[in-house]
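A.B. asks: Sharing a structure below in structure tokens format, with a few things to ask.
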Amino acid sequence: MLHSIALRFEDDVTYFITSSEHETVADAAYQHGIRIPLDCRNGVCGTCKGFCEHGEYDGGDYIEDALSADEAREGFVLPCQMQARTDCVVRILASSSACQVKKSTMTGQMTEIDRGSSSTLQFTLAIDPSSKVDFLPGQYAQLRIPGTTESRAYSYSSMPGSSHVTFLVRDVPNGKMSGYLRNQATITETFTFDGPYGAFYLREPVRPILMLAGGTGLAPFLSMLQYMAGLQRNDLPSVRLVYGVNRDDDLVGLDKLDELATQLSGFSYITTVVDKDSAQLRRGYVTQQITNDDMNGGDVDIYVCGPPPMVEAVRSWLAAEKLNPVNFYFEKFAPTVGN
């Protein structure tokens, strides 16, 4: 049986390989042209030491000097000995360039673009049917602005493995990409992008999940939720999304969230708007909408994506309330403007 192995490098690059159950991760990587740092291949030197963030595996044979028992319990692995038993995510303690990873660049043809809200643009790119865009739900791509050498980072709002990818883009007045999308982009136009990138992705759902989204920070959560719905599992934990924006007309993707609520058992969401004149049921910041049930006595995984002030506000709120979730994952984003 072949397993998918996502190798995450120190420079934020992720590369996917396949590995059989009787093949070490290092050998599989070498078959894909990736040179994980090695000195021995026998579990003796510890040079290839990495960390398994997700998945089940056989750690193989090694000496204590290469990998201590405490390190092994924490999830550290030696790729030269590790054999995957399921799909895995392995953090490699080296840069992608040091491992001779070739950048994964793809092209997509625009098939749809519309204004999701007064402040958001959303668009879809069709990928060559013979290709597949691999990424972990929640990760992002670097999209090239057509006619320039500049690129911008946007989270995938679609699920992995599809022949189409979608993105949400905040419409920034002086933004180069949003300006291009608003004024120049045409259907059938070709865009170039590479990736995937990022440490913000969905881990194995084993306990209740609380998602906190600010503005277009909703995008990675749409990817995560579609992925979970696609699993068609009845044993998934509950998922609660609190989606915050500044104004009513900043809200986007509600139809998709309603659809996901019918597809994913245990998923629910609420919206909250900062504007005191909002017509929405809830007003204020996302932290004002978090309940004791959401926190589940601390037995919860929290994912946060939004502008830096929002992410820091959530951190501060948790500290002030003396709340300690089992895991806290976050991604901050800010617009790039000007020339």
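Just so you know, glycine gets a Cβ as well, placed from its N, Cα and C.
Given the structure is predicted, the values throughout are model-derived calculations rather than measurements.
Feature list, courtesy of Swiss-Prot:
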BINDING   CYS40, CYS45, CYS48, CYS80  [2Fe-2S] cluster binding site
DOMAIN    3-96  domain '2Fe-2S ferredoxin-type'
DOMAIN    103-203  domain 'FAD-binding FR-type'
REGION    98-336  region 'Ferredoxin-reductase'
A.B. asks: Is it possible to list how many residues within the domain 'FAD-binding FR-type' (103-203) are helical, extended or coil according to DSSP?
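C.D. replies: For that range the per-state counts are 8 helix, 48 strand, 45 coil.
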A.B. asks: Counting each residue once, how many in the domain '2Fe-2S ferredoxin-type' (3-96) are helix, strand and coil under DSSP?
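C.D. replies: Tallying H, G and I as helix, E and B as strand, the rest coil: 13 helix, 31 strand, 50 coil.
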A.B. asks: Give the sequence-ordered list of residues that share a chain with CYS48 ([2Fe-2S] cluster binding site), lie 6 or more positions from it, and have CB atoms under 8 Å from its CB.
C.D. replies: ALA26, ILE36, PRO37, LEU38, LEU78, PRO79, CYS80
A.B. asks: Taking each of the binding-site residues CYS40, CYS45, CYS80 in turn and counting other Cβ atoms within 10 Å of its Cβ, which one has the fewest?
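C.D. replies: Result for the binding-site residues CYS40, CYS45, CYS80: minimum number of other Cβ atoms within 10 Å at CYS40.
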A.B. asks: For the [2Fe-2S] cluster site (CYS40, CYS45, CYS48, CYS80), what does the 8 A shell look like? I mean other same-chain residues with CB within 8 A of the CB centroid.
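C.D. replies: Not counting the recorded site residues, we get ALA26, LEU38, ASP39, ARG41, ASN42, GLY43, VAL44, GLY46, THR47, ALA66, LEU78.
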